[in-house]
Amino acid sequence: MLSLLWCVSKAESLMAYGVNPDTYSRPGDINIGSIMSITKGVNNFLCNRSQIPGSWGIEFPEAIAFAVDAVNRDPNLLPNLTLGFYVLDDCYSRILSLGQSLSFLPRSGHTESRSDNSTCSGMSCPPDYVIKYRRVVGVLAPMLSSCAVPVSYLYTTARLPLVGYSTSTDELSDKTLHPNFLRVISPDKYQALAMLKFIKNNGWSYVSIVYSQGPYGERAFDTIKSSAASFNICLAVTHRVLDTEEMEPVARSILSFPRARAVILFSDVGPTLRLLDYIDKLNATGHFVWITSDSVTLTAKEEFLPYKNLVIGMFMFLFYAPLMREFYEYIRRQNVTTSSNPWFKFSYESMFACSISAETCNLTLDVVRDGSFGFMNLPTLLMDAVLSYAHGIHALISSRCPRVTAPEAMDCIQNHSLLSYLRDVSFNGYSGPIRFNSEGDVPGKYVIYQMTWDYVTVPFGYGNPASPLRMGLVTKEVAFYDIASEDVAYTSTNISWEHLKKVERLVPLGDGELDKGIPESVCSRPCVVGEYKIQMELSCCWECRKCRENEKIINQNTSCEECPLFTWPDPQTGFTSCLNIPLTYPTMSQTLTIVQLFLAVFGLAITILVSAMFLHYRDSRVIKAASRELSLLQLAAIFTGYVTVVCFQSAPTPTACAALYVIFCLSFAMLYCPLLVKAVRIFRIFQSSTKNNKRPRFVSPQSQVVISVGLICIQVVLCVVVVLAYTPTSRRTQMVKTERFVELTCDMTLQGLASFLTYNLVLVSLCSIFAFKTRHLPDNFNESKFISMCVSTTLVIWLAFVPTYFTAGREYVRTLLLSVALLLNHTVALVFLFMPKIYAAICVPSEPVVTTRFNTISTRVHHLTSTNRVAPSPGSVNMT
């Protein structure tokens, strides 16, 4: 760079290929330069000088002229000196911008060209146009950041100040690379933060980005990428594009992430419009929300007209600056035919669709009244940049050479550093207070526009009342972003969403929340209560999975954990904690409980009735023959069994369960032990009758009771051992972990049930054996038949009960089975062992029959007696 500077400073003449020689100049005692993008179109590095539609060529060049005139009229600024300017066109090309910058590069031993009359005019200028030297103290930076950066590198070696008014790339804030660069606007990092804040305010968290290659787009992308996480925003897809890049792949890539409806376009207008065109070709117009940077916002609306349906609804960011009425009054006073602004004529002809050379223009028309006049905010910042030079030059001259005259003014300034004075300026500009910070920027605020199709209104009442309002593209201020407060303030203008396609919402609206039509731009729906997130690579993308029914959500809704046994996730805390499951046990509100209680009470009533009848007819021979003592013991067992069924329907407690186990076992033992004693007694008596006439031992009622009590005591001992060793108690049971059902039941323990079943099955089996052996007894002694029927039925019941009980999946089913087993067993015993006797005692009349004692060796006695027959038979056997 230093070698280039040395070569340039020593060159007698410089040639620039393809630059636009048109210059707008008003030289003064002290001059500043400006490189603007007035025309466009570069072909083979040759500026085509295609005029930008609208008032572009009027507003920007005339803003410098207006500001310079204001300085020269101000007696407090540069008294006795005049400020002048030179405006050159870079044709929107960074290469041609660098070529034009050579005009302002200091050269040794050369005087500036005071005349700007070109040796050629229009398109007849040769491409190797000779660059004229214009002596300036500073330059207004090119409008595009991509053009300003290389020019800043060049001028840094010459220590020539650059002041920007639209160049916003963050790179220019780096004073190690650009020490001579200042600007009256904020860098793009604040614009990027403004976009992120606006995106967050609309509830968008999933966005795509398209940005230009080069310092303008790349630095902004770096800011967005590094700051997005702090706004809870993640990037779906990002694309860096060249000015001439084919945009169809980019469009298809963006469409592959349809949920990212918000798309940031930090790119120049060319790639932006081509992208929108391909989106339209892919039938996706109205799907995306476009958020564009200042590069697109500064584009003349006329360039958007071919893409009208694509840009409607677009959000556009730009540095804030007010429109200046006095500036437009100044433009109204200009004469298109006498103006030294070479682009005034082109803009005038473009706006009114006429030709001055062909004399088809009405030169009396007011240019600002035309509906295509831009009324752009950026020229206001351009004026502030001019004022910055004026204040800096004034401070330098006042400090270093206060008595300098016009001929020596330029030398005074170039002999001292103007940059240090520029950095210290502080004044109220057209856009507000101007004071550069340590990075050479002026923090301010951004205005957020929305492009709409509406009636075009002209500011300051400049509109022609005689002309009807016409429809056109209109940018409406919808919000402002203040850098100091980092907040977005919305205007009274409502944001329009009508241009967008309706897409089914992922995020449901809250209770009472109205649908404002704001589109969603989210990667994933919020997980509902009871769901946890499976985080994807991007922070805002996840999958929602439902936890199992018995699992709570932990680790900030990112995983599940099984609740401890007998507990269940609590919906009141969003399933993040567990509560005890309400216990289920028999209650009076349950149908089965009511049915069992009814049957048990009915059985108790029948048992009491049978007992009363049994006592009433205790002297009946059929009851006396049935062994009244053992029968009463059996009735007590049946009564206990029915009471046990009632107890099963109460709330289980440890004490109650231990007692319930004991009476449950005793109710069976008290029933089957006497029954076994009866069966054995009958067998022994009739067995002895076949051998001798000797009465068997231990067949008296007292002996039978003692033996029965002894057998019952065995069950008591077993119960005591079980209670002491294994302790039947109440317990909670949750058979299925994933089901919200916990039962409180009495745990009889496996050992307790095994001992009970084993002992009672032995008793029943022995009863069955002895009943079988006495099957050939005389018909009138039919006690053994009823015993046989009772134990046979009991065996069937128990064969069904045992496997069903141990395979039952619910504790309440097991409790039900125990109750049913008790009801059936004791009812069977009541029916077969007592009902026939009560029937015989009541309904069968006594009749004299001949009772023959069994033949013995010692005697054969025949006598008459009376008896009650249970079954009709010709005779009966009496045993006393």
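Counting starts with 1 at the first residue shown.
Each Cβ is built from the backbone N, Cα and C atoms, and glycine gets one as well.
Sequence annotations record features per position, and here TrEMBL assigns domain 'G-protein coupled receptors family 3 profile' to 592-857.
With a cut-off of 8 Å between Cβ atoms, the residues of this chain six or more beyond the transmembrane segment (597-618) that come close are 588, 624, 628, 631-632, 635, 638-639, 641-643, 645-646, 649, 819, 823, 826-827, 830, 834-835, 837-838, 841-842. TrEMBL lists 597-618 (among others) with the feature transmembrane segment.
TrEMBL lists 630-652 (among others) with the feature transmembrane segment.
Here TrEMBL flags 658-683 (among others) as transmembrane segment.
Positions annotated as transmembrane segment by TrEMBL: 704-728 (among others). Packing against the transmembrane segment (704-728) from elsewhere in the chain are residues 627, 629-630, 633, 654, 657-658, 660-662, 665-666, 668-670, 673-674, 676-678, 681, 698, 746-749, 751-752, 755-756, 759-760, 763: each is 6 or more residues past its ends and has a CB under 8 Å from a CB in it.
Among the features that TrEMBL reports, transmembrane segment is placed at 748-772 (among others).
Among the features that TrEMBL reports, transmembrane segment is placed at 784-806 (among others).
As annotated by TrEMBL, transmembrane segment applies to 812-834 (among others).
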Tertiary contacts of the transmembrane segment (784-806) (same chain, 6+ residues out, Cβ under 8 Å): 675, 678-679, 682, 757, 761, 764-765, 767-768, 770-772, 774-775, 777, 814, 817-818, 820-821, 824-825, 828-829, 832-833, 836
Candidates 630-652, 658-683, 812-834; stretch with most C-beta pairs under 8 Å toward the transmembrane segment (748-772): 658-683
Mean of pLDDT values spanning the domain 'G-protein coupled receptors family 3 profile' (592-857): 82
Long-range neighbours of the transmembrane segment (630-652), counting only residues six or more past its ends (CB under 8 A): 585-588, 593, 596-597, 599-601, 603-604, 607-608, 610-611, 614, 623, 660, 663-664, 666-671, 674-675, 677-678, 701, 704-705, 708, 730, 744-746, 815, 818-819, 822-823, 825-826, 829-830, 833-834, 837
